[in-house]
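Engineer: Handing you a structure now.
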Amino acid sequence: MKDYKTTLNLPKTNFSMKGNLSKKEPFILKKWNDNNIYSLIKKQNIGKKKFFLNDGPPYANGNIHIGHAINKILKDIVIKFKTLSGFDTYYTPSWDCHGLPIEHKVEKTIKKENILITKKEFRIKCRNYAQSQVNNQKLEFIRLGVFGDWENSYLTMNFKNEANIARTLMKMFKYGYVYQDFKPVHWCINCKSALAEAEVEYHNKLSNSIIIKFKLAHNINFWNQIFKNDHNQDIHLVVWTTTPWTLPASQAIALNPNFKYQLIQTNNNLFIISEKSVPDTMNKMGIQKWKKIHIFLGKNISNLKVIHPFLNTTIPVILADHVTQELGTGIVHTAPEFGQDDYYACKKNNINFTPTIDKKGHFLNNIHPKLNNINIFKSIKIVIKLLNNNNALLHSEKLVHSYPYCWRHKTPIISRATQQWFININHNNLRNRCIKYIQEVKWIPHWSKNRMIEMIINRPDWCISRQRTWGVPIPIFIHRKTGKLHPDTIKLSQKIIQNIETNGIQAWFDITEKSFLGELFKQYKKVTDVIDVWFESGSIQLSNIYNKIQHQHNNISDLYIEGLDQHRGWFMSSLIISAAISNQTPYKKVITHGFVVDKNKKKMSKSIGNTVHPSEVINTLGSDILRLWTASTNYSKEMSISQETLIHISDYYRRIRNTARFLLANLHEFNPENDLINAKNMIILDKWAIGKALHIQKKIIKSYKNYNFHDVIKYLMNFCSLDMGTFYLEIIKDRQYTTQKNSIARRSCQTAMYLILTAFVKWITPILPFTSDELWEYIPGTNKNKFVFLELWSNQLFDLNHKDTMNHEYWNQLLIIKTEVNKALEHARQNKIIRKSLEAHMTLYVNETIKCNLKLLNKELKFLFITSKVEIKNFYEAPKDAFQSETITNFKTIIKKMNGIKCPRCWHIITKIKNNKNHEICKRCILNTIGPGELRQFL
């Protein structure tokens, strides 16, 4: 028998079946770098509508983690799809380069090297370390396939940027937003510095929960106020606290003016407790019987004092609205040094205080002999012992509760009153204006808007000063005695900032008061605090690089994309600064993505060992797999990743790659400049496929525009698996392989595949840039850009005429019918009736509507089902053993094995072959090899 393989148009391509992404991607990266791909894109898009994506700067510290990777990938997907949509996109990668993470790394190095250095030398080491981390992280981000202006990245430590940050701060001073005060702020005793709201995270903590008593001093006053007599029996106020270490700083005892309080008697004791709290408190104290003596409102007592249980002091009883009775006794001790509520309550009552601890969290030496230089958390046992020795401890137990922790050290923090600089959130109606601007922004997901509003409503004034070395300074002079600003502060700062722009932040620290102020140095001193890094990052929007290119945007970025934690962080700081200085929002849209968790929805942790490192995924599976996982996951929720997940995603990738490969392989020897078929001459199925691709493209572009990337993947997978894989590509194999090379039948098919492929490669480009770049090089034709990233969405796809009989609705019905036929064929295979569908002689028993639709295909119907013979009969003629469709009511199938001979060329079973020395193939194959060629109209 003759080998007919050479007479077939078999698929052929060098585009490999396996991606081998981890090996190929570095070569593709080099090609992009050699061609300066970002500059090429920028150059081509000059004059187009601009799109700005502002980059929330990560810390220049350590290797990137999976959260970093997700964030950069999401941003890159946006930039790439916006470029395909005809925008001139701007993306400048940014880094936070100052702050504690860098300081701690340098401090460890210094300690290890056992050397002493000056603060100036320390800053140099911090700068060098930060730069090295930027260099490393930049390579890691680029390895993800992220495009951006890497050569002009925004580093907060660049001299011009340091100057701009200081300049932005001085505008806040100028407009009256900044003030100095001595009040409690979040304080980390390990950082030895104040913390911003965004630097605090909450964890469950096991604490000592104690109930103690404070004896009324001169309790005759109480008896006179309540009972109008001068009875003198001892009375104790019962107080509950979970921070025993704050008791040495107690300056008052607070009751709520609106609560009812009971004076109760137990044996020989008289206690005052809130009425609601009595049963629970008595139960904890192990007291089963007590007598209610009197009930009174908190506001009905005044001018009372209590004796501190272990300090030789008396402190006043005050009224405060912040006192609650959900937990505890409805009475709290008040330490203004260690809490905002306590601070304001004491301030309202003109109660002054002095510090009891130092910046390291150690008690000062004048508080109590037992507490000298003791760490506050280690002092708890000592305090409880002092209470016990003084018969003041009524109950002690352990309690698990939510407690603030330092996000860097993962250790408990405190509120500590220190002299700090603050931004007044209520000045010039700033808080309400921020709320107004939030409502003008498009928030994705929508619930994040209310979250931001709630945070703005409840947030305190912003503490912007830090007691550290490596950071942008607060470049001002204050009076040595009064603390007031130098009268020429704004003018002086301009000169200082100009110096910083030339020489960096060290320029400020090199300045002496005498050299800069002359004789006034005796009256004024320079501030040595540095600015909160969140203020630094929040100032990016007002930086020079954005001022130059965003003039037509009024310095409003089109989009911010960051993790959930940035509501308190960068989203917040950017908003406050922009609202205060520019009277507008800094962003038009804000996307919040969730945190990464493992397959069990647990937060990733090195100690648990459930982390997934981007480098491991990239080195084994490739960046495109990580990008595909990112896009396929609903980022508005927690994003679960595991090895099992990545295996599943790899299956997605194979489906996408194999679809592209099939299309490409069947474009062998196809030249679009010469071989494209005019739409009016095309086979109807091919026109349907192009129309289907157009419908999918519209859905994909809409999903990109709505930032629903997981929907893009859903549409891609359905298109590859259903529309192409089990329908179109299966049906056209016979026509593509067996018809004549240059026939209308084949060129029509190739035209469809070419148009679909050139659209398809662009659909995947934002998500799979490495694969799309590789694929683009294999797509035939010279009338295209060198890189797919320079292209726009396809405009060559066209639709079927909805007025035609064989419109999309018609083909949708055929898709449903073919699905049911495939089930019947599979049933026949399982029952050993046939091995392959071409062995089938199929009879369909259908209603009149389906019969009419199928008969439109005439003799080509068998190609729809990939069988050798199809007959159509009335549904009522169906035998009892016919295969019944579960989806279509009036649809049954009988499948028998086709009697006949298998054509060695097309593999169809035919009843008769003209067999002589010249012909051993079917009539159709004779037409396609030595005849004029087979004619097709529908399939």
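In case you wondered, yes, glycine gets a Cβ from its N, Cα and C as well.
The structure displayed is predicted, hence computed values, not measured ones.
The feature L-isoleucyl-5'-AMP binding site is assigned by Swiss-Prot to Glu562. The annotation ATP binding site is assigned in Swiss-Prot to Lys606 on the grounds of sequence analysis. Summarising the annotation, Swiss-Prot assigns Zn(2+) binding site to Cys903, Cys906, Cys922, Cys925. According to Swiss-Prot, the motif ''HIGH' region' annotation covers 58-68. If you look up Swiss-Prot, you'll see 603-607 marked as motif ''KMSKS' region'.
In terms of burial and nearby residues, how do these features look in this structure?
Structural biologist: Following the DSSP three-state reduction, the secondary structure of Glu562 (L-isoleucyl-5'-AMP binding site) is strand. Sequence-distant contacts (6 or more apart, same chain, Cβ under 8 Å) of Glu562 (L-isoleucyl-5'-AMP binding site) comprise Gly56, Asn71, Gly569, Trp570, Phe571, Ile591, Thr592, His593.
Cβ-based neighbour count (10 Å, all protein chains) for Cys925 (Zn(2+) binding site) stands at 25.
Same-chain neighbours of the motif ''HIGH' region' (58-68): 95-97, 99, 101-102, 105, 130-131, 133-134, 136-137, 140-141, 155, 563, 595-596, 604, 611-615, 641, counting only residues six or more beyond its ends whose CB sits under 8 Å from a CB of the stretch.
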Engineer: For the motif ''KMSKS' region' (603-607), report the average pLDDT of the model, please.
Structural biologist: 74
Engineer: Please give me the CB contact count at 10 A for Cys922 (Zn(2+) binding site), counting all chains in the structure.
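Structural biologist: The answer is 24.
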Engineer: By DSSP, how many residues in the motif ''HIGH' region' (58-68) are helix, how many strand, and how many coil?
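Structural biologist: Taking each residue of the motif ''HIGH' region' (58-68) in turn, the totals are 3 helix, 1 strand, 7 coil.
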Engineer: Specify the count of other C-beta atoms within 10 Å of the C-beta of Cys903 (Zn(2+) binding site).
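Structural biologist: So the number of other Cβ atoms within 10 Å of Cys903 (Zn(2+) binding site) is 22.
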Engineer: Among all protein chains shown, how many Cβ atoms are found within 10 Å of the Cβ of Cys906 (Zn(2+) binding site), not counting that one?
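Structural biologist: So the number of other Cβ atoms within 10 Å of Cys906 (Zn(2+) binding site) is 20.
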